[in-house]
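Copied over from Swiss-Prot:
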- 87-107: intramembrane segment (INTRAMEM)
- TYR19: phosphotyrosine (MOD_RES)
- SER20: phosphoserine (MOD_RES)
- SER23: phosphoserine (MOD_RES)
- TYR27: phosphotyrosine (MOD_RES)
- SER36: phosphoserine (MOD_RES)
- 1-86: topological domain 'Cytoplasmic' (TOPO_DOM)
- 108-162: topological domain 'Cytoplasmic' (TOPO_DOM)
Amino acid sequence: MGLETEKADVQLFMDDDSYSRHSGVDYADPDKFADSGSDRDPHRLNSNLKVGFEDVIAEPVSTHSFDKVWICSHALFEISKYVIYKFLTLFLAIPLAFAAGILFATLSCLHIWIIMPFVKTCLMVLPSVQTIWKSITDVVIAPLCTSVGRSFSSVSLQLSHD
């Protein structure tokens, strides 16, 4: 139908002087960040996220719209997806990344400094607690249960129909 299926390749070239002058940050190794644009999802965390036109909108063979409608809807889908995604990431990506960083830093701090020491302390104290609990059970609960069991074992019931 005349649709272009190849992805557009966009590159931005800046010399080192203008890059460090405009950004205000002097990165130690610019080559480290040079390839970061090629694969931003190396662990395939979002592999199930299908946002291609063919993955979202499909017409069966028996019902096809006009070719011009299909081409225009495909173009409008791609343009709106591109523009809206860029717009949303422009305003939401940095605050959400900041919030996620705070959240993960807080959870990491809690895990490292509170939860794991508490778990290790419980595991350290557990054998002593187990010994004390066994002693209390043997001294108090076992004789009590034995005496209650003997008392109820001597009870006999007889039912009579009058």
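Note that Cβ sites are derived from N, Cα and C of the backbone, with glycine treated the same way.
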- Secondary structure split (DSSP) over the topological domain 'Cytoplasmic' (108-162) reads 46 helix, 0 strand, 9 coil
- Average pLDDT across the topological domain 'Cytoplasmic' (1-86), rounded to a whole number: 71
